[in-house]
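Have a look at the structure below before the remarks.
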Amino acid sequence: MPFSNSHNTLKLRFPAEDEFPDLSGHNNHMAKVLTPELYAELRAKSTPSGFTLDDVIQAGVDNPGHPYIMTVGCVAGDEESYDVFKELFDPIIEDRHGGYKPSDEHKTDLNPDNLQGGDDLDPNYVLSSRVRTGRSIRGFCLPPHCSRGERRAIEKLAVEALSSLDGDLAGRYYALKSMTEAEQQQLIDDHFLFDKPVSPLLLASGMARDWPDARGIWHNDNKTFLVWINEEDHLRVISMQKGGNMKEVFTRFCNGLTQIETLFKSKNYEFMWNPHLGYILTCPSNLGTGLRAGVHIKLPHLGKHEKFPEVLKRLRLQKRGTGGVDTAAVGGVFDVSNADRLGFSEVELVQMVVDGVKLLIEMEQRLEQGQAIDDLVPAQK
C-alpha cells in the first residue's frame, strides 16, 4: 500500500541494506535492475504527491514472477514517477520494450485510413477482433496512489464526457457498486468487464483499495465500444466485435478515442503524454500506445505445431489462452495480439496484427491439408 512520506522518513532510520528487499527468487524486470546501490540512491526520493521507491517496487517484491513469463514488477503512482525514479524505470523500459532508449521519441498515429486492409480476416478462423488502450488524466495520481476523492472525481469527469458521445457510440454508464453479483459475473464472462480485484498486481500495488468505489463500465448500446473506469488505469478504452473486420474495429476505436480526448479538453483536462514515453500509464509495459490489438483465432493445427512460438515471435505477436493472461487455449482458440506497445505507432501495431493473422490462417490451412509450412515461416520483423 502506498506509504506517506512520514513513513518513508521513518524507514530512513535504518540503513539501506536493512531495508533492501530479498529479490533472490524473483523473475521480473524490477528485480533484474534494482541493486542495493540503486535502492540506496533512490529510497529517500518521492514524487510531489508522495509516491516513493518502495511504493514503485512493492508489487514486484510481493510477486516474484513466473519462471517462464517475465513480469514487470513495478508501477507508477503518478506522472512524475517515471522522471523521479528514471534510474530504475529507464533500464526496465529499455529491457521490456526491445531496447527503447531514454533518448528515443515515440510516435502516435490514430488515423484509421493509414491501415492497409484488415476488413477481410477470414471469419471461419477469426471469431472476434478487439483493440484496447489506456489513458490517464493529467493532474490526478494513478490508481496505485489515488485517493477516494480523486477516484470519484475521475469517475465523475469520465461519465460527464462519455455521456456526450452520440451516434453509434452513444451509451450509458454502469457503476460497479450498483450492479448485482450476477450482472457483474455475466459481464466478466462475456469479456466485457474487468475481473474482480483478485490479481496480485492490483492487490499488492494498492490499486484495489476501496473496491468497488468509483469503478464502473461505460458501453454503447450494442457493446462494441466500452470504457472501463478506475481499474488498472483511469480509463481503458475498448473497441470490439464478432468476426474478422479489424478495420471497422480500429476505425471505431480511433473515432471514439479522439472524441473522448476532445471532450476532456473542453473541460480543460488532457491526457498524460510526453514525446519520449507517449501515453503515460500505470504499468511500464503499457507505455507508448498502450495498445493491444487482438483476435480470438481458431488454430487447432498450428497451435500444436512446434514452430508456432517461433512464428509468433518473428511476427512480433504474442498469444494468450482463450480467457486472457495465464489461461489455457480452449478448442484450439488463441488470443493473438501485438507484443509491442512503445516505439511503434497505433497504425503500425494494428498492421502487424492484420498481416500476421493472415499468415497464421494460411499456415493453418496448409496444415489442414497435411502440407508443410516451412516455406511460409517469416523472417524476423
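Glycine too: its Cβ is placed from the backbone N, Cα and C atoms.
Keep in mind it's a predicted model, so treat the numbers as computed, not measured.
Swiss-Prot lists Ser4 (among others) with the feature phosphoserine.
DSSP assigns Thr35 (phosphothreonine) to coil in the three-state reduction, placing it in neither a helix nor a strand. Shown in sequence order, the list is empty: the chain has no residue 6+ apart in sequence with a C-beta less than 8 angstroms from the C-beta of Thr35 (phosphothreonine). The phosphothreonine annotation in Swiss-Prot covers Thr35 (among others), and the record cites similarity to another entry as its basis.
The DSSP breakdown of the compositional bias 'Basic and acidic residues' (96-110) into helical (H, G, I), extended (E, B) and coil residues amounts to 1 helix, 0 strand, 14 coil. For 96-110, the entry in Swiss-Prot reads compositional bias 'Basic and acidic residues'.
Counting only residues at least six positions away in the same chain, the Cβ atoms of Gly244, Ile297, Lys298, Leu299, Ile361, Glu364 sit under 8 Å from the Cβ of Tyr125 (phosphotyrosine). As annotated by Swiss-Prot, phosphotyrosine applies to Tyr125, with the evidence given as similarity to another entry.
Per Swiss-Prot, the feature ATP binding site maps to 128-132, His191, Arg236, 292-296, 320-325, Asp335; the stated evidence is similarity to another entry. All protein chains considered, the CB of Asp335 (ATP binding site) has 22 other CB atoms within 10 Å.
Annotated region 'Internal MTS-like signal' per Swiss-Prot: 130-138, in sequence order, evidence recorded as similarity to another entry. Mean pLDDT of the predicted structure over the region 'Internal MTS-like signal' (130-138): 98.
What Swiss-Prot records for Ser199 (among others) is phosphoserine. For Ser199 (phosphoserine), applying a Cβ distance below 8 Å and a minimum sequence separation of six or more within one chain yields no residues.
In the three-state DSSP scheme, Tyr269 (3'-nitrotyrosine) falls into the coil class. Feature annotation from Swiss-Prot assigns 3'-nitrotyrosine to Tyr269; the stated evidence is similarity to another entry.
Annotated phosphothreonine per Swiss-Prot: Thr322 (among others), in sequence order.
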Cβ atoms near Val131 (ATP binding site) (within 10 Å, other residues, all chains): 26
Intrachain neighbours beyond the compositional bias 'Basic and acidic residues' (96-110), with Cβ under 8 angstroms and 6 or more residues off its ends: 29, 72, 86, 90, 254, 257-258, 275-279, 284-285, 287-289, 340-348
Candidates Arg236, Arg320: member of the binding-site residues with the richest Cβ shell (10 Å): Arg236
Three-state secondary structure, Gly294 (ATP binding site) (per DSSP): strand
Tyr269 (3'-nitrotyrosine) versus Ser128 (ATP binding site) - Cα distance in angstrom: 34
